[in-house]
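**Q** My structure is below; once you've seen it, I'll send some questions.
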Amino acid sequence: MQLPTSAHYKPDQIMQQEIINLKNHAVTAYNRGQLTQAKAAFETLLRQTPGDPDIWNMLGVIYGRMGDTAKAEQYLRRTIAQFPKFGPARGNLGLLLSQMGKLDEAEECFRKAITVDPKDFNAHSNLGTVLREQGKISEAKTSFQSAIRLNPRFAQAHNNLGTLLHEQCRTEEAISSFRKALKHEPRYAQAHFNLGVSLQSDGAHEQAFYHYQKALQIAPGMLEAVAAIAQLREKEGHYDEAVKQLKPYIEAGRVTPAIAIAFGILSRRTNMQSDGIRLLEQLLATHAIPPLQRQEIEFLLGDLYNDQEEYDTAFQHYHSGNKTRPQQFDSTANQRYIDAIVEYFDRPFSEPAIEAGKPTPIFIVGMPRSGTTLIEQILASHPDVYGAGELSWIGDLTRDLESTTGHKYPYLMAQISQQKLHEFGQKYHRKLKQLEPSAAFICDKMPHNFLFVGLIRAAIPAARIVHVMRNPLDVCLSIYFHNFNTNHPYSTDLFSLGQYYRQYEQLMQHWRKLYGENLHEIQYENLITDQETVSRRLLDYCGLRWNENCLEFHTSRRIVNTPSYDQVRQPVYKSSLDRWKNYDKHLAPLKAGLGIVQ
């Protein structure tokens, strides 16, 4: 919200001081949250100075804060109509429309505000937020960067850019952006909270907890931080503590989307699914929920109804969640990308890079939701193995190569030198060693590293690479049922999912031919039906002695930061096999994409 800055209308000199005093009183009341008093003061001012755009603008803002969006929109539009060059009203109308879910109109407002004042860094940042919510990621990033270029100390833009980077799994860059925001504004509660989220996803749970607590100290009413602490406790398996964290707010009727989502997730762990469904559906029926949170709620309701074996209702919610976040997947462009990888890695590199020493990385690759988390949990139960989760480092280092060579992956492989490959491997190894210096082996389970198997083999020849496969109908359905970030545009449409799976399968077949026994493959279904045999073969491939802990992986208390974190706290179970049969009537588009003839 943009507060008044200076008077745009000068009444008779006699009344001027009185009006200035009343205006100061109105702004003070607003800043103190005394909205009724502020509204009354600004209404008096409007009668006395109807030609002051600040007054019209502030009344729109106040009505918005009071929940009367219709009157808020009316006042802000009248401000713009009367004073078309008054930028703050366009910005505030854009914010209001965004909160109402009218993203296209909000985008138009912010673009017009920028046209009126190209140096309005607030408008650039707010435009970026709306573009991000629409899935226009590249444009959003440009808008945030424009805001930062116009005002390098603008903490909100650094925070917004960090949010975007976090959603792209560029965790280190996101953390850096949030820290910049806090450098410029140390008491920025939202940046503390967002930094906590990124640190948690990076495995730094104690630091995450610190920043959640810091956010609450600065803004005691920040219920999303309360919810985050509860979800952190839930991930640690401390369900009673998580319930204790949320219960007072639910009983007091202070149910925000964040609180409801945290309780809904917790209700699945405590067999309280009916309570979770009731709370979430009540929230949807009574509140205007921002698109990104509505999307999260729809996916969670799908999970809850799936637990209740109400499969048609579950599918409706999953479908709604995917429609809330439509993304365009360009299958033709992705096919060109896969074909290029196959072309540029037509044979193993004859001179692999020099070995970097211990720890030895174990890359676990495959489609998301294929069982990579379960494989990592089995390995991480071995005393010589540290499970690092989904590390973005191979992708990050590849982007660095693209910058230094001036060519995109995989085309850069035509010019890459042995020295560059060696440096790539050394940089990865240094990061790995800093992560857990005492470990002999460290797991990196970023599934999409399947795109970089040839590069990994060339730069880190000692690496173990484990490929996890799963029934294509089950794995694609599991992806469709998960609220993925914007890095997975194929995931929101069943036909696109089928196409993407076939392209992944094509590339894995190429790596299989190229590397043979140097690529260890596991069929998820075999692991579920014969855990010990598959686990022993896995440890043999990695060069690890057998350890009984690997059969008791579910007793480990390590925190897992992937969607399957709850599943790896249980022994292997067969209910995940052939899950697609419960939804078969809905799967014609997926089967068509997969090329399955019905």
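Cβ coordinates come from backbone N, Cα and C, glycine included.
Pulled these features from TrEMBL for this protein:
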type   : residues : note
REPEAT : 53-86    : repeat 'TPR'
REPEAT : 87-120   : repeat 'TPR'
REPEAT : 121-154  : repeat 'TPR'
REPEAT : 155-188  : repeat 'TPR'
REPEAT : 189-222  : repeat 'TPR'
REPEAT : 295-328  : repeat 'TPR'
**Q** Pairs of Cβ atoms less than 8 Å apart decide it: which stretch in 121-154, 155-188, 189-222 has the most with the repeat 'TPR' (295-328)?
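**A** Comparing 121-154, 155-188, 189-222: 121-154 has the most Cβ pairs near the repeat 'TPR' (295-328).
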**Q** In this predicted model, what is the average pLDDT of the repeat 'TPR' (121-154)?
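**A** Averaging the confidence scores along the repeat 'TPR' (121-154) gives 94.
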**Q** When the repeat 'TPR' (87-120) is classified with DSSP, how many of its residues are helical, how many are strand and how many are coil?
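**A** With helix first, then strand, then coil, the repeat 'TPR' (87-120) has 27 helix, 0 strand, 7 coil.
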**Q** Give me the DSSP three-state residue breakdown of the repeat 'TPR' (189-222), ordered helix, strand, coil.
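**A** Final tally across the stretch: 27 helix, 0 strand, 7 coil.
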